[in-house]
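Noted in TrEMBL for the protein shown:
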type	residues	note
TRANSMEM	12-30	transmembrane segment
TRANSMEM	36-57	transmembrane segment
TRANSMEM	77-95	transmembrane segment
TRANSMEM	115-136	transmembrane segment
TRANSMEM	143-165	transmembrane segment
TRANSMEM	185-207	transmembrane segment
TRANSMEM	219-242	transmembrane segment
TRANSMEM	270-293	transmembrane segment
TRANSMEM	305-326	transmembrane segment
TRANSMEM	338-358	transmembrane segment
Amino acid sequence: MGSVKLSSKQLFSIMVLFELGSSIVVGLGMEAKQDAWITILIGMCGGFILFFVYASLFKRYPDIPLSEYAQKIIGKWPGKIIAILYSIYFIYIAARVLRDFGELIVTSTLSKTPLLVINILISVVILYGALLGIEVIGRSAEIFFVIVMCLGIIFIGLILLSNLFHIENLQPVLENGWSPVLQTAFPLVLTFPFGEMIVFTMFLPFLNEKRDGQKTGMYAILLSGIILTITVIFQIGVMGAYQAASSTFPLLDTIGKVNIQDIIQRLDPIAILILMIGGFIKIIIFLLGSAISLSTAFSIKKWKVLMGIITCVALIASILIERNYLEHIQIGLNVVPYYVHPPFQIGIPLLLFLVMHFKNWRAQK
């Protein structure tokens, strides 16, 4: 994939759709009840700091992914171990996202279809998209981005026209103080979805204009943070904080309430289409990131075979990781953000960042 190139607009579109991904499906930050929107804004600010670290490493090594410059910073074999760990991490998160969207389809439209069948079909489409390459994904993302934004604006208008939104559902603000807001923002909202931008350390070297890497990522975090904030505000405004927090798919339930003169209603299928676009992008990026991490660290040439194996592993893991969706959500909210995400999103990048600057300082001395 050495000759592959992405424009800043393509990368921006991919990043925004990736960030929305599964985070727009579940109720993000709902542990803070009516203050959930504040947790997203705080988490977004933390996301800026994390991406600054990722971008600083990229500026020092603009032509190679994290899996390669880790070897230059801390040594060949420790760097290869990090590449393997990141590959496993990306596969695991891809499997979780695949489970999210498989459950979404089973719950909302195909209740009698086995989850395994749904996930196999999704995986086939994802593998096909991944094999087309990141350039094709980038061009597709530009189109999907416009579609998602336009439909999102239309849905907001329809919700307002239906008189479903009640501003009082967002009050009182900070009823229980800052403590629950900050506890939800760190690490839950910080690591999901903003910290997941770590996967783009594998894709930044493909940028046409290297100097746009940090700016593109920051703008993507800003826009996705604003969209997620607006989404949560409307979920709470329509359903109320407690109902939104207890809903399995609050966005779907919110849009499902739209009814204008018994003519415009039952918009769930369109909403699912929007959600699936972000889901496909997110899963493909994680699986491609895993493949890039392994192939660059170990000079693997059989790209398509590697991609097929990684996709199959993610598919199997998506079925086996938890017994049911309730357990899946509980682990996703109470285990992954605290014990799985931080080492890969914060710990290792910060270690590489500090060692890199220490080496530069010693060299200058």
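A Cβ is built for glycine as well, from the same backbone N, Cα and C atoms used for every other residue.
Remember, it's a predicted structure, so these values are computed and weren't measured experimentally.
Of the two recorded stretches, the transmembrane segment (36-57) does not lie close to the transmembrane segment (77-95), with fewer than three CB pairs under 8 Å once pairs fewer than 6 apart in sequence are set aside. A contact between the transmembrane segment (185-207) and the transmembrane segment (143-165) is absent, since fewer than 3 of their C-beta pairs, 6 or more residues apart, lie under 8 Å. Note on the transmembrane segment (219-242): residues 11-12, 15-16, 19-20, 23-24, 27-30, 33-34, 36-37, 40-41, 43-44, 47-48, 51, 152, 156, 159, 164-167, 169-170, 193-194, 197, 250-251, 253-254, 257 of its chain, located 6 or more positions outside it, place their CB under 8 angstroms from a CB of the stretch. It is 115-136 that, among the stretches 77-95, 115-136, 270-293, forms the most Cβ pairs under 8 Å with the transmembrane segment (305-326). Long-range Cβ contacts of the transmembrane segment (270-293) within its own chain (Cβ-Cβ under 8 Å, at least 6 residues beyond either end) map to 1, 14, 17-18, 20-22, 24-25, 65-67, 83-84, 86-88, 90-91, 93-94, 97-98, 100-101, 104-105, 108-109, 122, 125-126, 129-130, 134, 137, 141, 144, 147-148, 151-152, 155, 199-200, 202-203, 251-252, 255-256, 303, 306-307, 310-311, 314. Same-chain residues lying 6+ beyond the ends of the transmembrane segment (115-136) with a Cβ under 8 Å from its Cβ atoms: 1, 4-6, 10, 98-99, 101-103, 105-106, 203, 206, 280, 283-284, 287-288, 291, 304, 307-308, 311-312, 314-315, 318-319.
Distant neighbours of the transmembrane segment (338-358): 50, 53-54, 56-57, 60, 66, 69-70, 73-74, 82, 85-86, 89, 92, 187, 191-192, 195-196, 198, 201; these residues of the same chain sit at least 6 beyond its ends, with a Cβ under 8 Å from one of its Cβ atoms.
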